[in-house]
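Feature list (source: Swiss-Prot):
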- 10-209: domain 'tr-type G' (DOMAIN)
- 19-26, 81-85, 136-139: GTP binding site (BINDING)
- 19-26: region 'G1' (REGION)
- T26: Mg(2+) binding site (BINDING)
- 60-64: region 'G2' (REGION)
- 81-84: region 'G3' (REGION)
- 136-139: region 'G4' (REGION)
Amino acid sequence: MAKEKFSRNKPHVNIGTIGHVDHGKTTLTAAISAVLSRRGLAELKDYDNIDNAPEEKERGITIATSHIEYETDNRHYAHVDCPGHADYVKNMITGAAQMDGAILVVSAADGPMPQTREHILLSRQVGVPYIVVFMNKADMVDDAELLELVEMEIRELLSSYDFPGDDTPIISGSALKALEEAKAGQDGEWSAKIMDLMAAVDSYIPTPTRDTEKDFLMPIEDVFSISGRGTVVTGRIEKGVVKVGDTIEIVGIKDTQTTTVTGVEMFRKEMDQGEAGDNVGVLLRGTKKEEVIRGMVLAKPKSITPHTDFEAEVYILNKDEGGRHTPFFNNYRPQFYVRTTDVTGSIKLADGVEMVMPGENVRITVSLIAPVALEEGTRFAIREGGKTVGSGVVSKIIK
């Protein structure tokens, strides 16, 4: 188990890779790890190690979210490799929420594709504040004008979703070539492009001002039982600080429970405390594994309460964004993805509103079938039949 203390000499930032399936997100993640490991700034993680969820092997499609860590001269990074395939947008919704910034991977050979657009939209909706672009597979494009066109197209697409397209750093390179160089023990032109990318990430994605002053809150992503030690829940601390010995509540879905923190770990290393932005495992005293499920939150006692009914501002995707082709009516019952969980709920439209068309912004009242830890400002996605149909933010709690 974790023994070494986790060092905090460098500021910590959470980033991840997003983009269309097969544009090279996982290869880029492996290339960053390989190039930085040659400089003693990362532990080498190869492609298979990152692409490691068993169910994705036969299709070569990344489903699970992999976490790797590395450093630059300036910062320490936790990097998530987000799923790219449309069927796994659910994971993107929970995964992209873990980012202070994202590296959008776009194949220079193909240009932006439907999922490129969807991931930019999702980044906008789940609050990923900064995007840096890696134009991958540049070794396959001989025409400099074509590269320029793809770059312009990417900038326009970012701007259309309210990201500053004109100011966004776009680095072109080849993740595969960089990976091959690093494996051969060389530092060539392609590895230099990876270093350029990391320099852009270092300078363009600000070190986030952490919410350490606020009340502790951590959405639960996973629950494990460790024999002889008890139950561990993992997730990214959304705000506040948790220390060994703290009394905390487990809120949402079932009745609120109170427990005590007996350990905090990050990347298998023990810490005295975890703070906002950290991906941690929290050991809970006397809590049984079956009492805790994904979608609950750990929180400072009395700081957040479970709710079923709220008002929200939502944007309903149009069909070009992958949304519905038809309107919906009063009492529509989709799923609401809040933090790490999905709960069915019914939608009540405002008086005088007959229906909602794709592409509209509306205020709705939602009634969930199970209570979830909510507060004003909590963001969520609306999903139906395996696709995102809308996105919103809680504007007022009703009950």
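Backbone N, Cα and C atoms are what each Cβ position is placed from, and that goes for glycine too.
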Overall pLDDT for the region 'G2' (60-64), taken as the rounded mean: 40
Secondary structure content of the region 'G1' (19-26), with strand meaning DSSP E or B: 2 helix, 1 strand, 5 coil
Candidates D22, K25, A138: member of the binding-site residues with the richest Cβ shell (10 Å): K25
T26 (Mg(2+) binding site) to G19 (GTP binding site) - Cα separation in whole Å: 10
G19 (GTP binding site): tally of other CB atoms within 10 A of its CB: 27
Per DSSP, three-state class assigned to A138 (GTP binding site): helix
